[in-house]
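What Swiss-Prot annotates here:
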type	residues	note
BINDING	72-77, 123-126, 169-178, D204	FMN binding site
BINDING	R296, T552, S614, R615, K620, V621, Y622, V623, Q624, E656	NADP(+) binding site
BINDING	R451, Y452, Y453, S454, T469, A470, V471, G486, V487, T488, T489, W694	FAD binding site
DOMAIN	66-221	domain 'Flavodoxin-like'
TOPO_DOM	1-8	topological domain 'Lumenal'
TOPO_DOM	32-695	topological domain 'Cytoplasmic'
TRANSMEM	9-31	transmembrane segment
Amino acid sequence: MAQLDTLDLVVLVALLVGSVAYFTKGTYWAVAKDPYASSGPAMNGAAKAGKTRDILEKMEETGKNCVIFYGSQTGTAEDYASRLAKEGSQRFGLKTMVADLEDYDYENLDKFPEDKVAFFVLATYGEGEPTDNAVEFYQFITGEDVAFESGASAEEKPLSALKYVTFGLGNNTYEHYNAMVRNLDAALQKLGAQRIGSAGEGDDGAGTMEEDFLAWKEPMWTALSEAMGLQEREAVYEPVFNVTEDESKSAEDETVYLGEPTKGHLEGQPKGPFSAHNPFIAPIVESRELFTVKDRNCLHMEISIAGSNLTYQTGDHIAVWPTNAGAEVDRFLQVFGLEEKRHSVINIKGIDVTAKVPIPTPTTYDAAVRYYMEVCAPVSRQFVSSLAAFAPDEATKTEIQRLGSDKDYFHEKITNQCFNIAQALQSITSKPFSAVPFSLLIEGLNKLQPRYYSISSSSLVQKDKISITAVVESVRLPGASHLVKGVTTNYLLALKQKQNGEPSPDPHGLTYAITGPRNKYDGIHVPVHVRHSNFKLPSDPSRPIIMVGPGTGVAPFRGFIQERAALAAKGEKVGTTVLFFGCRNRNEDFLYQDEFKAYEEQLGDSLKIITAFSRETSQKVYVQHRLREQAELVSDLLKQKATFYVCGDAANMAREVNLVLGQIIAQQRGLPAEKGEEMVKHMRSSGSYQEDVWS
């Protein structure tokens, strides 16, 4: 019998672990809820405000026959849930409510009435994990020991009365594409629940999320109408929120939100715990440019979390709460005829008791657009279509109706141009859309979301300071007639310019309210929170690691190397550390070149930095090419239990690296190609292959 090497043993252990996981359904471990996620109240959250966690009681109290649950990390699933609720109400007369999965308990789902329906709109986060607000529900419903109030076992089909609808939001560049909705659907089917229509899946990786959603929902509504005896009617706009102007208050009134994220911030007394619902206003203590070319920017920033009680671990993410650019705020207010009253105070209230107001209130039109609404995002065909009834003239109405009904035409005129809502409407007419209710804009646009960045420092080395590394987005995409500018990275560039002595920062022609609402961010501050990641160094520092991180994908690996250098300086044994780094040109965008050179001198042969420069010669060289060239080294380190890490572009680089690694394993061991692929999959399941990727 051939002798087993270490990687083979790792694979066997992974198979054993996988088998235990399968048969125990995770009894011995579970998806970890983000330790930094807040358990505090969200604005107008019914259950979180101390009210019932019994969803059936809530539906009975409020006269609802349709609940739409969402599991959302960035706000998209929540937006889709709200859109489904609105459409169900307006087109089919359903009494709908939107519900955050973490607001309720689920032991009484076996008593769900037959004449009601539950929707589940679930995003898959990271490596096939539930979003933070869906962790507890997911653990409950998929658990082997799931127990309902009736005491019925899974074999007795306790959810036979439950009618449900599912839609998943995923990304096909990730290994576990739409795992959440698939696993939930299987669990509900096993428990006897009746799915209405197909289990929908949207693919952000292919850029078809919106069209996948639109294509799925029409046959779903048909199936639901048949199952529940619904009659479609002409959809007429019915506001979810009541927006009123308050002439008794001015923008200077201390009770008016001018961009403050919470009541504590409004009152000038922000208190922790700081989280995704309550950011810390952190000082930026250092900011500098990493590129040496003038037409592109990459920022290094040091953000202090001293005194906040925020903590992080090497490999975690930091969330930056952005501000919309002044030019886009002005454009939006002009398009909707709000420029003259931008500083008027408005109150926003939910017409239905279950409606959650996404914006702090009272506020102003300007503050809502600048700090709270995602006005720069690509606009959806469905939302554009909803504005037809409020068009300034018949010709514009006809054009909007065509855009709404013809997906190819919409793709040509709007999607290809990467237009946001204001740009899209400006491309149709110069007349303002003054008749559009502001409530419709709040309903149709997402809340402005924090953007996440891989932390590029070690918590062991600087526990009170977080480093971030970010390329500033200002690119002309194929087909677009204008530069597409990143919301957060250009905001950060403006802060860097101001900190470094430029009196009037205007990155790529944009200006920002740098000092924040009521000058509360003066002195170069930015709102942040920390999010836990499973992207971690081995607990044993003597274990080898292989890191693949081109461009800003090197960010977490700077932290990894920083930490290993600190451990080595303390006399600890540090395993072989290999970094595959790629960029265009060593003299233009080789990030942290001098730092890495110093670490190489300190760590000697234990640190190997292997570079790939794509534009130095006529032949483009990428990290996957260097990986293949170093096949023997990679194979040897895997035999020594090396952990393999990838950070960066999911759509191309990460896929290529995954493929090349499988080929290396197969070739170096004389195995069939499919065996190499299988071994990489087992490395993933055992945690010895980790990704921090984006598309």
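Cβ atoms here come from the backbone N, Cα and C positions, even for glycine.
Looking only at Cα atoms, A123 (FMN binding site) sits nearest to Y453 among the binding-site residues R296, Y453, V471. The average pLDDT computed over the topological domain 'Lumenal' (1-8) stands at 48. According to DSSP, Y174 (FMN binding site) sits in a coil region rather than a helix or strand. With Y174 (FMN binding site) as the anchor, the candidate binding-site residues are R296, Y453, V471, T489, K620, and the one with the nearest CA is Y453. Residue environment of Y622 (NADP(+) binding site) contains 17 other Cβ atoms, counted within 10 Å of its Cβ in all protein chains. Comparing the binding-site residues A123, V471, V487 on other C-beta atoms within 10 angstroms of each C-beta gives the minimum for V471.
Here the binding residues for NADP(+) are R296, T552, S614, R615, K620, V621, Y622, V623, Q624, E656. Their largest Cα to Cα distance works out to 26 Å. Cβ neighbour density within 10 Å is lowest for Y177 among the binding-site residues Y174, Y177, Y453.
Between the listed binding-site residues, namely S72, N171, T469, T489, S614, the fewest other CB atoms within 10 angstroms of a CB are found at S614. Looking only at the binding-site residues R296, R451, K620, the densest Cβ neighbourhood within 10 Å occurs at R451. Each residue contributes its Cα atom, and for N171 (FMN binding site) and Q624 (NADP(+) binding site) these two points are 22 Å apart.
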